[in-house]
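These notes are about the structure you will find just below.
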């Protein structure tokens, strides 16, 4: 009898101590009235991952209230939440596209200001998330320093852009010339001031958190400000390099949503449960067709294809030039397969249309990963959207998460396959040199052209 009791006790102790037998331990604790609840038991049965335990320590950002206009709420009150969201997103999308067309009509300089406004708003949304998560610590100077660093980085990037693209204007104005000459030193001095202010703001017991938020600010600057600066560069190369990529991302977002809404059955990625393979593939083909058609329409207008330049005579920024071969119709022979289907042997296309296939393909295949990255970020902090700026869409960052990675690709694509040295910029830089430096370059260039036979020795001597 005593042996049986000892065996039962031994079995019970084994069940408690054995790492592979957690369930009996929980049940035993429950019977004894110790800590543990039915929900904890269910969690153990379902195999909750360690990641959820780690994330449980992250403060949740308050969910912003629904800011859908009351007019839309009343008009769509009889619809289900699924269709109500569909109509709200659709109406606001059409409104945003109309506003985008209006901004294009106003010209490249207004577009540049809009890009700056969008950049500031995206930065504000991300920094606000960080502040809402950790505001209880009352970190000194956190928001002030964040905005100060934003100002410093924008001063550096926009100063570089002005000097690079509008060199004649800079050299003509004395204050601008001085700022341009010492631009990088001034930028570094401004940043160094912010760095020293951050060090002085360090508070005991919060060092780790303050350095974490310092990194938060700088990563936000890298993602938002740096890439919005590349958007400005693309714009100055010609509005077509700005409009087509942005429009391809918008088209892919809309068409992937439409295909997924009506035909979506197969989940695409766990980070975005609503994304489906049907929407991904449908958006890909629709975006490629859209990109080719939009490029054909825009390539015929100088307003869209010419770089933005400053005219010294009129003291104005202008968009006027002789279009390059990239925007002149060329005749192409069709492959045999397409010839048998269409019955055409040749087609007339702008070379830019071929490049638009690469742009639209990237917008459809790689561009969505910008959205997946944003989804992972939002899941990490248990929020649905970055903000509630646009009803049915979330914040501005929710609409531009794919645009930034697209802007980087376009800038790299132009530098790698399109843009060559700009003769006018080279001449402008030569004119800024000293007289002895100009003579040295002149003699070196003359000797080089004579050696290649492009300039006869007699002419060179004369």
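Placed from the backbone N, Cα and C atoms, the Cβ positions cover glycine too.
Keep in mind that TrEMBL annotations are predicted by a computer and have not been checked by a curator.
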Could you tell me which of the ranges 84-105, 106-127, 238-259 is annotated in TrEMBL as transmembrane segment? 238-259
From 141-158, 159-176, 321-338, the residue range that TrEMBL assigns the feature transmembrane segment: 141-158
Do any residues of this chain, six or more beyond the ends of the transmembrane segment (185-203), have a C-beta under 8 angstroms from a C-beta of it, and if so which? 139-141, 145, 148-149, 151-153, 155-156, 159, 179, 210, 214
Counting Cβ pairs under 8 Å that sit 6 or more residues apart, are there three or more between the transmembrane segment (238-259) and the transmembrane segment (352-374)? yes
How about long-range neighbours of the transmembrane segment (352-374): same chain, 6 or more residues beyond its ends, C-beta under 8 Å? 240, 244-245, 248-249, 251-252, 256, 269, 271-272, 275, 280, 283-284, 287-288, 290-292, 294-296, 299, 305, 326-327, 386, 397-398, 401-406, 409-410, 413, 417-418
Below 8 angstroms Cβ to Cβ, which residues of this chain, lying six or more residues outside the transmembrane segment (210-232), approach it? 112, 115-116, 118-119, 122-123, 126-127, 130, 134, 139, 142, 145-146, 149-150, 153-154, 157-158, 161, 198, 201-203, 242, 403-405, 407-408, 410-411
For the transmembrane segment (280-304), sequence-distant contacts whose Cβ falls under 8 Å of one of its Cβ atoms, 6 or more beyond its ends: 238-240, 243-244, 247-248, 251-253, 255-256, 258-260, 263, 268, 319-321, 323, 327, 349-350, 352-353, 355-357, 359-361, 363-365, 368
